[in-house]
Amino acid sequence: MLQTYLQSIMNQSHLTYDEVESVTNLMLNGADPHQIAAFLAVLKYRGETPTEVAGMISALQKQATPVNLPFPALDIVGTGGDLANTVNISTGSAILAAACGIPIAKHGNRSVSSQSGSADVLEALGIEIEMSPEELLSCVQEVGIGFMFAPIYHPSLKKLAPIRKGMKFPSVFNILGPLLNPANTEYALIGVSNEPILELMSEVCLKFKNTKRTFLFHGSGLDELTTLGKVVGYDIQQGKKTRLEIDPTSLGFNSCKIEDLKGGNSKLNACILKKAFMGQQSAIADALIFNAGAAMWVFGNAATLEEGIHSARKTLMEGEALRVLAQWAAFSQQLKLKRGSCN
């Protein structure tokens, strides 16, 4: 059956919403791995449509474990796939944003195309990443931040993980990941690895995602907000999208080089983030401030991006991100111990 849909996209046909839901269900339920890899490769080469991406999101969300948060929250996440091997900027930024008072429900996974995914670096920072929905809620309420490990909340995707890793290049799942937050956060900062995907995802968010506000962006070849160069993006809210171009130097940042943002394995990245949290000035610290400031602006805790950046910088320099990290690590490990004692 998957062969039929594969032939269709090879002939440059576009699939309907219902058809791509069926395709996704086939991939999750025992389709031939070679056909799955071929389908993903051809779809990537041909280019996904907003309707196709939305249909896949629908199929995956129906099989996900939902998280019901009784309050607004935000996620900071990227598509990955920029192959730049930078430090885990979105993960560090999420911790700083939580220190700025924004409830963070972060969704993430282990590395697929880099040396260190969000789950990997959080483990290296002492965080217990395997949380039930109830434990996740407790974390966000107590600390201001919690992490949803993708294999727990999207168990159906485990079957596709070896195929994705074996492909060695980004697929539609890089687009899907940031849009599959199990808590369906009302607010999001989403980094995108290239501008064509930025256009695609902006249409998906505008037409199919029910969020209050999303800031989608691409920054000089990265799926991160950094001071490397110009940032282009869309502010999506109230059924409209507004295109933005941001020059980081106009916000008081110094320009950096890609080498200034490089990371390595999870232990190295954890060390780099801790140094930034301790107030060590660097391009990485600037990136964390940039992202957390944008989060404050998107969430409505700052009237402008400039105001958000000012507040985020002050919060970082006061050591609040380091305090939140320590509190999160301690509380998550307490939850793990409590879980073990009940078994």
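Every residue gets a Cβ built from N, Cα and C, even glycine.
Taken from Swiss-Prot, the feature anthranilate 1 binding site applies to Gly78, Asn109. Feature annotation from Swiss-Prot assigns 5-phospho-alpha-D-ribose 1-diphosphate binding site to Gly78, 81-82, Thr86, 88-91, 106-114, Ser118; the stated evidence is sequence analysis. Look at Swiss-Prot and you will find Ser90, Glu224 tagged as Mg(2+) 1 binding site, backed by sequence analysis. If you look up Swiss-Prot, you'll see Arg164 marked as anthranilate 2 binding site. Per Swiss-Prot, Mg(2+) 2 binding site is recorded for Asp223, Glu224, and the stated evidence type is sequence analysis.
Mapped onto three states, the DSSP output places Gly78 (anthranilate 1 binding site) in strand.
Put simply, Thr86 is the one of the binding-site residues Thr86, His107, Asn109, Arg164 whose Cα lies nearest to the Cα of Asp223 (Mg(2+) 2 binding site). For the pair Gly78 (anthranilate 1 binding site) and His107 (5-phospho-alpha-D-ribose 1-diphosphate binding site), the Cα-Cα distance reads 10 Å. A distance of 7 Å separates the Cα atom of Ser90 (5-phospho-alpha-D-ribose 1-diphosphate binding site) from that of Glu224 (Mg(2+) 1 binding site). In the three-state DSSP reading, Ser90 (5-phospho-alpha-D-ribose 1-diphosphate binding site) counts as helix. Classification of His107 (5-phospho-alpha-D-ribose 1-diphosphate binding site) by DSSP places it within a strand. Closest to Asn109 (anthranilate 1 binding site) by Cα-Cα distance, out of the binding-site residues Thr86, Arg164, Glu224, is Arg164. On its own chain, Arg110 (5-phospho-alpha-D-ribose 1-diphosphate binding site) has Gly117, Ala119, Asp120 as residues at least 6 apart in sequence with a Cβ closer than 8 Å to its own Cβ.
Inclusion criterion for the binding-site residues Thr86, His107, Arg164: a C-alpha placed within 10 angstroms of the C-alpha of Glu224 (Mg(2+) 1 binding site); this criterion is met by Thr86. For the pair formed by Thr86 (5-phospho-alpha-D-ribose 1-diphosphate binding site) and the residue listed as 'anthranilate 2 binding site', distance between Cα atoms is given as 21 Å, rounded to the nearest Å. Cβ neighbours within 10 Å of Asp223 (Mg(2+) 2 binding site), excluding its own Cβ and spanning all shown chains: 26.
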